[in-house]
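Database features, via TrEMBL:
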COMPBIAS  445-457  compositional bias 'Basic and acidic residues'
DOMAIN    1-105  domain 'Tr-type G'
DOMAIN    133-196  domain 'Translation elongation factor EFTu-like'
DOMAIN    211-338  domain 'Selenocysteine-specific elongation factor 3rd'
DOMAIN    355-479  domain 'Selenocysteine-specific elongation factor C-terminal RIFT'
REGION    437-460  region 'Disordered'
Amino acid sequence: GAQIIDLMMLVIDVTKGMQTQSAECLVIGQIACQKMVVVLNKIDLLPEGKRQSAIEKMTKKMQKTLENTKFSGCPVVAVAAKPGGPEAPESENPLGVSELIEVLKSQAYLPSRDPSGHFLMAVDHCFSIKGQGTVMTGTILSGSVSLGDSVEIPALKVTKKVKSMQMFHTPVTYAMQGDRVGVCVTQFDPKLLERGLICTPDSLHTIHAAIISLKKIQYFRGALQTKAKFHITVGHETVMGRVMFFSPAPADFNEEIQENVFDFEKDYLYQEEYLSKDLVSSEENKENDQAGEVQLPKQQWALLEFEKPVTCPKLCLVIGSKLDTDIHANTCRLAFHGVLLQGMEDKNYTETFLPKLKVYKQKHKEGQVERVMDDYSVIGRSLFKKETNIQIFVGLKVKLSTGEDGIIDGGFGQSGKFKIRIPDGLKPDTKMLLTAASKKKSKGGKGDMTKEDESSKNDSAQPVTISLIFKRYIFDTQKKMIQS
């Protein structure tokens, strides 16, 4: 609902100050509104002698709170809407309301409106008028509508003709973005639609999943984790959805991001959770106390999978919340907000659409060199499990801790050992290191394999390790391993 507000009033109880709900309203306002006026209410509860200083104190406090928001420096007005409370006699005059009206007049502005594009209206009330038809009242979010136009109620897949229209009790033949209007259609049961959207036929899509760009809401405590469920508010609907976060590949962290588009050609890095300053600094501090500048990407995205399909316009606002949090807990329930960049209309999107999304996980495996075969090959172990099919790793590049590049050539024996080809040959130092290690081993008891393996594990000579690094795209049906 906040998407149709051009100027908001944030009403604060002067005796209590900011409450959890006020903070949530402020968060929604920052996402969906441009201008705000703060109203300090219930000033009649302050003793007259101390009233002025208490109002000034709370005004300062509010201005401090708003300092780092888009509403910094907004007007603060003190009122008592109904002195004496709800039981007070009607003759009690409100305090400060005429000043509030003046402030609202000075803050009011005519937003720039655009009649072009598809018609889309947020309906907040639907009722029938005898002999006329069914009236849907609401605010036009985009485009325009004229008498005789066909409009679709996408949630019900029904199309109707506009029979008549009124704005503030006056019949009109045309209305556009920003107008409050009542649209009358015939032969439609008002019980079927309480609130929702109506639009140009076929202009809205029903989607099962979406890619969104997003930002974490700074007041939300706790991490945003992949696979977690959130209440996702899209347009007029709130449904449960599961998230998977991803960021640009590290090389593109600083690249300027194009607004409102998603590039399917690029590679993206899978994230276990949304990357944010608080997350990074706490982990960094455990390891080293100097929190250096940590690299965060300029933009992050999420794949949203809805529990039930959602009908919404492109590029609409998305808000993720934890609405099951205890309302009395002093904590913000709104977790993130973003823009819907790409919807997936196909029910089988996991097969038809997701493979186009190039999100990868970086895999890193470590093993050890068992022994030298000749100048151009070594035998490795501990990189694979006994049951691993080594064939699928053949041809992948590895690096030895001594600096040589190698290529996996195939399995060796039955216990998960494998052969590595070293195209440029082993360095003399490496050869010496490995021969020394294996000589030490062979002294440990000839022919007794198990003891030999034991002694090699506890060998004091620094073993030569093998590292294998590759990428795997998480939606790749063939689970291919990619190396750059």
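Quick reminder: no glycine exception, Cβ is built from N, Cα and C everywhere.
Any TrEMBL annotation is an automated prediction that lacks curation.
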- Answer key: the stretch among 133-196, 211-338, 355-479 with most Cβ pairs under 8 A to the domain 'Tr-type G' (1-105) is 211-338
- Using DSSP, tally how many residues of the domain 'Tr-type G' (1-105) sit in helix, strand and coil. 47 helix, 19 strand, 39 coil
- Query: If you run through the domain 'Selenocysteine-specific elongation factor 3rd' (211-338) with DSSP, how many residues end up as helix, strand and coil?
  - Reply: 14 helix, 53 strand, 61 coil
